[in-house]
């Protein structure tokens, strides 16, 4: 699958310039494809993270008619059985980072994990969608740091005293759930060269 993509342009489905910047920075200049951001209105599917990622990727392929990379991110609170999970966008929109923190006010367990899933398609609907996942464990804290990138101000990864929002970009990009998923993607493309 990936061999047919080497040297080609892949549409990265996002309207978020910061997300594209972060992805390109993590992948580096050795990534064998060119990512081009395109904002596409995709339905907000419901279900498990893998199902949602596959459905989003298939719909993006239908609209783009070519190779696509779609990202879906979850923030899962252990005390809430994994919620908000794939619905974090809606929780964040209504509650902001402070409200996410307050959701756990009645719980001792503040642990959480961030899950990033990238879904890749060659653009051929008959070929399977390939998934790449990254997970970072941490805890939900009172928001600290810059408030301009989603829930970063209230997620503190395990082993760190800073939230994602307080970390220098390079440090965050070396430990984030997105980094781990993109590392899987890089390894997949790298295995073709071996």
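Using N, Cα and C of the backbone, Cβ positions are placed for all residues, glycine too.
Noted in Swiss-Prot for the protein shown:
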BINDING   14-19, 56, 72-73, 89, 149-152, 172, 177-178  ITP binding site
BINDING   44  Mg(2+) binding site
MOD_RES   2  N-acetylalanine
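Structure coloured by features recorded in Swiss-Prot.
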| residue | record | CB count, 10 Å |
| --- | --- | --- |
| 14 | ITP binding site | 18 |
| 17 | ITP binding site | 9 |
| 44 | Mg(2+) binding site | 11 |
| 56 | ITP binding site | 23 |
| 89 | ITP binding site | 16 |
| 151 | ITP binding site | 25 |
| 177 | ITP binding site | 24 |
Expressed to the nearest Å, what is the distance separating residue 151 (ITP binding site) and residue 44 (Mg(2+) binding site) at their Cα atoms?
19
At the level of the C-alpha atoms, what whole-angstrom distance separates the residue listed as 'Mg(2+) binding site' and residue 56 (ITP binding site)?
8
Assigned element (helix, strand, coil) containing residue 17 (ITP binding site), judged by DSSP:
helix
